[in-house]
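Structure, as structure tokens:
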Amino acid sequence: MSASSSSSLPLHTTPNFNPSHSSKSTKIKQIQSFKPTHKLHEQKQVESKSYFHQISSLCKQSQIKEAITLLTEMDFKNGCVYERALSTGQQIHARILKTGGFYSKNEYIETKLVIFYAKCDLLNVANQLFHKLEKKNVFSWAAIIGLCCRMGSNEKALMGFNEMHENGFLPDNFVLPNALKACSTLQMVGFGKGVHGYALKMGYNSCVFVSSSLVDMYGKCGLLDDANKVFDEIVDRNVVTWNSMIFSYAQNGMDEEALKVFYCMRMVDVEPTRVTVASFLSAAANVDAVDEGRQGHAIAILSGLELDSILGSSIINFYSKIGFIEDAELVFSNMVEKDVVTWNLLISGYVQQGKIEDALDSCRLMRSENFGFDSVTLTTILSASTKMRNVELGKECHGYCIRNNFDSDVVVANSIIEMYGKCESTGKARRVFEKTVQKDLTFWNTLIAAYAESGLSGEALKLFYQMQLEGVPPNVVSWNSVILGFLRNAQVTEAENIFSEMQCMEIQPNLITWTSLISGLAQNGHGDRPIHYFKEMQIRGLQPNTVSIISLLSACINVSSLEFGKAIHGYIIRRQFFSSLSILTSLVDMYAKCGNLYLARKFYNMVNYKELPIYNAMISGYSLHGQAGEAFEVFNRMQKENIEPDEITFTGLLSACDHTGLVEKGLKVFNDMISEYRMKPSMHHYGCMVSLLSRCGNLEEALRFVLEMPLEPDAQILGSILSACKEQNKIELGEYLSQYLFKLEPDNSGNYVALSNTYAAAGRWDEVLKLRNIMREKKRKKAKEKARLQLDSNRNRTPCVCCRR
């Protein structure tokens, strides 16, 4: 026995080094902490071998009782179990089996073997030994339940918990936390409450480990009130308890409560861990609590927490989410050890901030440091190519996915389909979709959305019906995509029919459904319908978002309804939407275009820190009302604020010149736009100039503009010249332009009227009569065609499912 005592001395004299309290740099701490750990491992291996030789020697001398005593003293505590030294443990197990029945049937040794293999996470071996046990006890049950929990076999863990109890073994405070962990993973809150009842009955509720596990279980199952009740009853809370409560609030979106619990924890002087700071920073990022998050970072530094991959990742995630990408870069550069998660967070942060080139540079650097891309990296790169509409980058990423067998990953494949769809390569998106073996609802929705956003409403509808034939029922997202597809293609009636069918199928429209309808109808010039749907939306208790409000204000412009615009304005005040600059800009635009320039100017003046959109809205408003001087005054103020104009700004200024006949001013603005601001004029800008010159009698100059345009003139530009032909009696030119316009816009009666007016001004009444006869004939044909199409539509229309019932 003296030999065994002496052999254990080196273990007790090993210094207990704690690198977190070192004042040296992170890198030095890691090097220092590495050496003692390695030495300790070697000493324990030597000691294990010493025990093994002593047990072996005693066995050969038939001193069985002494061997058992030595094995009991060893207790695997400082050897195989503690260090998970699998090889050494297996050697001892082999010697036990060779030695004979006494060893192999010893209850203590059998139990220790189960615990050993359980600690080494060998589920099959531990299970086999456990089921062979002649006498099971609390320790063997605890080991096997804990192992099932660690290995993700949570159902087996709970079955073991029940079986243990049925066999007369009472689960203790080591078993209960594992059972509660399995309940939270499986979301079996009923079972968890049963375990809670058992803990109360047996008096384990006073154990801080059991109580902390209860808080964690209730939190992960979304029962925050129950978690809080358990938390409040804990007298001696440790850091694990506090962490469970903070994490529970943060996980369930109650971020402000998570921050409050963290501050309460600080008030009672509980030192935070990396888990504490990570949960706190996650909550702070979700509510844009910049100062609080920075304080959390400072606390981590002051507490001496090592900037490892866990803590570093949480800090990078915080700074990325709040838009402080430079701070995220700084933290990243100071990390000694980086893993794939850390790289992914930085790359994702760059993409979120629109710094795509920085994201791609980080991907290249990541590869150069021998880190392989995972599914998260690839979905981030695909997201970047989607944002940039860069199909070439997307193709490269797709190729990498194929070469490295990532294309079978559901999330990656879905991102590839979305990328091709957004880049208007629906054919390629379809091919990827067809090659995917298991198509779930998300896959179908992504492809339908791709066709819908491209305006291919027919294909979107076909897919919508095909998915149902293949046994995948659509959800509200599917219906929304089909509605959007019709609205993108200006098929308003079809969109409203699908909306009606959706409700017949008892699918409740969500905020996106209503917003899509309101926005799509407003953009297609159906100003009264968005107002109708807004009223219906309110009746159903849904509150509009910013997009809905802006679309409604646009609808008010389309129908020139100042009265309803004021009603929307009142709604904005009541719902406190004034923090949105885009809504304020839309209000200025609505009032100006609905005829109340006074209120437009009033809200324009209310905005202290003006941005380009609101300047543009005010310039357009003054332009519409023929107040060119005021429009240029706003433009001059904008220049003083060093705000760069865009194409919309120049459209407003040129339109102001057109409405007031300022030819010289208009020419100067047009020339400044090209020479000073380096912009290429669009069709709108050329249209304003041609209209201005034609209106002021400079028909030859207007024609010169048209001939020198790098673009093909549209009907609006040619119509401006045609209108001027009447004033200057240019009949031949008018006839030539009319023939061109009739081909461009065969159904636009305005072109026939303009030519008729030109003939009338010249006294050519025979020609006027001919044109009127042509117009009457076209009207009759159009009415007949419309009636025929309506009849065909009624014959071919498939009734919706609810009607067929």
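Including glycine, each Cβ sits where the backbone N, Cα and C put it.
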1-25, 351-375, 726-750 - the one TrEMBL records as region 'Disordered':
1-25
Would you list the DSSP helix, strand and coil counts for the residues of the repeat 'PPR' (475-509)?
26 helix, 0 strand, 9 coil
Would you list the DSSP helix, strand and coil counts for the residues of the repeat 'PPR' (137-171)?
26 helix, 0 strand, 9 coil
Could you tell me how many residues in the repeat 'PPR' (611-645) are helical, how many are strand and how many are coil under DSSP?
26 helix, 0 strand, 9 coil
In terms of Cβ proximity under 8 Å, which residues at least six beyond the ends of the repeat 'PPR' (611-645) contact it?
581-582, 584-586, 588-589, 591-593, 597, 600-601, 604, 651-653, 655-657, 659-660, 662, 665, 677
Per DSSP, what is the residue count of the repeat 'PPR' (510-544) in each of helix, strand and coil?
25 helix, 0 strand, 10 coil
